[in-house]
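Novice: Handing you this structure, nothing more for now.
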Amino acid sequence: MAVNPQGVAAVLADLKGRDFLSCADFTAEQTVALLELSRQLKSGDRRIDLGNRVLGLIFTKASTRTRVSFQVAMARLGGQTVDLNPQVTQLGRGEPLEDTARVLSRFCDVMAVRTFAQQELLDYAHWASIPVLNALTDLEHPCQAMADFLTIQEALGSLTGQTLAYVGDGNNVSHSLMLCGALLGVNVRIGCPQGFEPLPEVIDQARNLAVADARIEVMTDPVDAVRGAQALYTDVWASMGQEQEQSQREEAFRGFCLNEDLLAHADPNAIVLHCLPAHRGEEISSGVMEGEASRIFDQAENRLHVQQALLAAVLGGL
């Protein structure tokens, strides 16, 4: 599926004022158009001025790339960012979420929330009268997935029919990769140990969203998962909040390290992705991370360009 570069604004017009809580919130055509707008912003073919709009960040989880990329994205669009750390606001003293969301809607033009429970994000979206963006929850990481597929598109030239193999924990990142990949016509394979699979309801949702006969598969053999794949992806084995499970997970994921041996089973021209931060020597070897196949730091940069496009779309800046 392709969108005429001149037709991007028309396709994205319906996103003005919308929330982005899940990759499934937008249509396949809108997802493709957001990637095209991201490309235009990155290349300098398109410039957008949001006229001093304000983004409010509510992050209850630690963040480097998401926080900085949102701040820089808003600055490059001519806007400002207010960092609403719960530790230094009344949120940390028990102010009800619904009150905070309504008050911030009077001060800000858009809100990005990074938290543990998806329900908390949904509650912000319910009570806020401004667009709410998912900056990560335990269920999904949609901005990351958009940046991932922009990176794959840049490296491979197209998305439809490509195969992305994710090896590791069936976590929030795997959920968003399945949903976004399905909308873009990408075959997504999840390779994980038994008991660490993505949620069945998300797998079913992705399969129902799939276009261009994209296949969503889950398998327990990492070699089968990566065999012939054009893009390989991994993430930490223990996400934030799971640190107490680290030793158990290290044992369970033995054999799932994205190293040179595993990479050898992929397409000879395969690229390697990781959403960072990485634990070298655990889920990915240092050699693969620094090798010729790695597009990991291009991938990190693309968070900026995707989030610029997203902010411009939901704020009607096109």
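Glycine is treated like the rest: Cβ placed from N, Cα and C.
Below are the features I grabbed from Swiss-Prot:
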type	residues	note
BINDING	SER63, THR64, ARG65, THR66, GLN90, ARG114, HIS141, PRO142, CYS143, GLN144, CYS275, LEU276, ARG303	carbamoyl phosphate binding site
BINDING	ASN172, ASP235, SER239, MET240	L-ornithine binding site
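Locate each feature and note its surroundings.
Specialist: In three-state terms derived from DSSP, ARG303 (carbamoyl phosphate binding site) belongs to a helical segment. The local packing around ARG303 (carbamoyl phosphate binding site), expressed as other Cβ atoms within 10 Å of its Cβ over all shown chains, amounts to 26.
DSSP classifies SER239 (L-ornithine binding site) as coil under the three-state reduction.
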Novice: Any idea what the Cα distance is from ASN172 (L-ornithine binding site) over to HIS141 (carbamoyl phosphate binding site), rounded to a whole Å?
Specialist: 6
Novice: Would you count the other CB atoms within 10 A of the CB of HIS141 (carbamoyl phosphate binding site), including those on all shown protein chains?
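Specialist: Taking every protein chain into account, the count is 26.
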Novice: Non-local Cβ contacts of CYS275 (carbamoyl phosphate binding site) (under 8 Å, 6 or more apart, same chain)?
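Specialist: Residues satisfying the criterion: HIS141, GLN144, ASP148, VAL173, TYR233, ASP235, GLN299.
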Novice: May I ask which residues of the same chain, at least 6 positions away in sequence, place their Cβ under 8 angstroms from the Cβ of SER239 (L-ornithine binding site)?
Specialist: ASP138, ASP169, ASN171, ASN172
Novice: Which one of the binding-site residues (SER63, ASN172) has its C-beta surrounded by the most other C-beta atoms within 10 angstroms?
Specialist: ASN172
Novice: Using a Cβ-Cβ cut-off under 8 angstroms and a sequence gap of six or more, which residues of the chain neighbour CYS143 (carbamoyl phosphate binding site)?
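Specialist: Same-chain residues close to CYS143 (carbamoyl phosphate binding site) (Cβ under 8 Å, separated by 6 or more) are PHE20, THR66, LEU133, ASN134, ALA135, LEU136, ARG303, VAL306, GLN307, LEU310.
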